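Novice: Below are the structure tokens for one structure; questions will follow.
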């Protein structure tokens, strides 16, 4: 029987069997070569190749990675063998009493995990020195796997799965996973999901908390003997007796291959996630190629038919083309009227209007693991770096940050827009790095976006100018947040707009955001409204009960125009449509056609559409439209406030009040201070009851401290409370003029402001004052 297999490189496989023989297989030439035979007492049980790393920071990727040179081999004699690519034994380690059942290198290559028949789970250094006995159990441990950061291990123990941290005093987390013995487990570093297979003929998916994400029915009459994730986290393989099943990351099955191979004892993927190799119980080695991937964009459909060809079809006129490549296809993406295809050595960029003359350039950084596209440029991620290219094949930038791990990036933790790239960090999962694609440098003040919880997904909107770019974040608690990407100084506002969100997707033509939350489909027609007014954004959300239509655990896979595509838990894609009017409204307001936007809202006569227009007009500072829209949704306080803003004599004051209406208190203060309107800035904070900020501002500029103290004392008298703020307690002995004198001073300051020259027109009136 063949007990262990592994990829030395995407073109080379090593297999080991109970005949003590190691064989090298060349996938390009279909040739095999026997390596030096192992000792008669060595019966291999498991094999794992040292992960290929390119040295951390992501550099320029000038050196092409060809594969690993070292692998670990477990044996029934209890020994671990560290071996070279040529089959030479570099080191022998006495690991366990009884057979070694599982060996796994950590993702950073610094540690080796071994599980044995003696129930021990051990951690070894790269040089073969014992670091720790992580666990000692009464039952054999058949399989184990590392977490993405190599700080946790999951292993099987009877019917249970056990999650154990490497920290000495950390308590393990154990749960019953199957009804019978768990034989295999694998933990993916990209999607952070665990797949397990057992003698109960089921495979299951778990998250890192031990919660079941998917449970298959009994898929055959035979135990599940092997499971393995693809490196990109999109697929996994399940091996059983005479069968191999290809499954999606959500759990549903793509295909089932019936083979004459006996039990599949081991399955391994290539680093580019396009090939796999399996070890058969009857001595056969099975080579697998992932084909049949289907890509769609508007009226164009592309299918990867074989490892070196793609068929393209225009569904409007049924025109067909076939694209052939010299090398094996590694990744392909169809979006924004372009098809990007990466082979093992080159990248091809096709325009959907001409399939005959692609743009071609060479790849220097090794195997491409991900492609992400925007309207003007696309992103390539390889094993060590990130690159942004134009559709003409020109390298624009290579964004990177300290200790970046490009091999852990996925479509969930990476996003590109026409001017920005965001990358979610794996070493600090609360940090999101945003880069300007024109320069490759961090945007804003040069610091990452810090979230209060671990970030699970990120997505950038695709429309509008760079200064208005918005970032949507789903954290580990599945809460949905939105924030402005480019902020300068002050504290960043990250506003929560949803809970229990399973997946999200931005619209390709307008800044609308769709998400699946619980059993509902939500479409935020203008999510940026959350940065202005939390109550207003709730009035701009379209909600539809999708539990019956989409079933359990659906996934959003596209939001194009007015069409939303959802994949059900069984893999079936379902398309639904939303109202065309919000998208039309976005197109009007993006070019300043406010009169047409108002006409559209009058024609549709929908309160939700009026609320969207109100939020848009506030963001664009169009007071006339905002007044009309707020009147239509019965917001008299907003209408009165807008009328007050229009009556202000100073342009700077008008702009500051508009910023305040948009929820940008810090920007409003900065504008007033820069314009020299210190008194109005202090009064603005008093009106917001921001007592400490008003006092800080007054003390910093040494003006109007008496006004702040007087308003604070008047407020306390009115509500019948004692002073509790420390800074105001320190000034409790300060002498303050009478309330009448303070009012005269306020009138005098406002009079001076009205007499101040300004370019803004409008009749002067007394400015709004804080509540007395």
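Using N, Cα and C of the backbone, Cβ positions are placed for all residues, glycine too.
TrEMBL labels come from automatic prediction, so no person has curated them.
Note that the structure is predicted; figures quoted are calculated from it, not measured.
The compositional bias 'Basic and acidic residues' annotation in TrEMBL covers 747-757. Annotation comment: TrEMBL describes 293-581 as domain 'IFT80 second beta-propeller'. The domain 'IFT80/172/WDR35 TPR' feature in TrEMBL is assigned to 609-755. According to TrEMBL, the feature region 'Disordered' maps to 747-772. If you look up TrEMBL, you'll see 93-125, 175-207 marked as repeat 'WD'.
Describe the structural context of each listed feature in the structure shown, including burial, neighbouring residues and relevant distances.
Specialist: For the domain 'IFT80/172/WDR35 TPR' (609-755), the predicted model reports an average pLDDT of 92.
Here the repeat 'WD' (93-125) has Cβ contacts under 8 Å with residues 45-51, 53, 72-82, 131-146, 148-150, 153, 155, 164, 166, 189, 407-408 of the same chain, all six or more residues outside its ends.
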Novice: What does DSSP give as the helix, strand and coil breakdown of the repeat 'WD' (93-125)?
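Specialist: Secondary-structure composition of the repeat 'WD' (93-125): 0 helix, 20 strand, 13 coil.
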Novice: Using DSSP, how many residues in the compositional bias 'Basic and acidic residues' (747-757) fall into helix, strand and coil?
Specialist: 8 helix, 0 strand, 3 coil
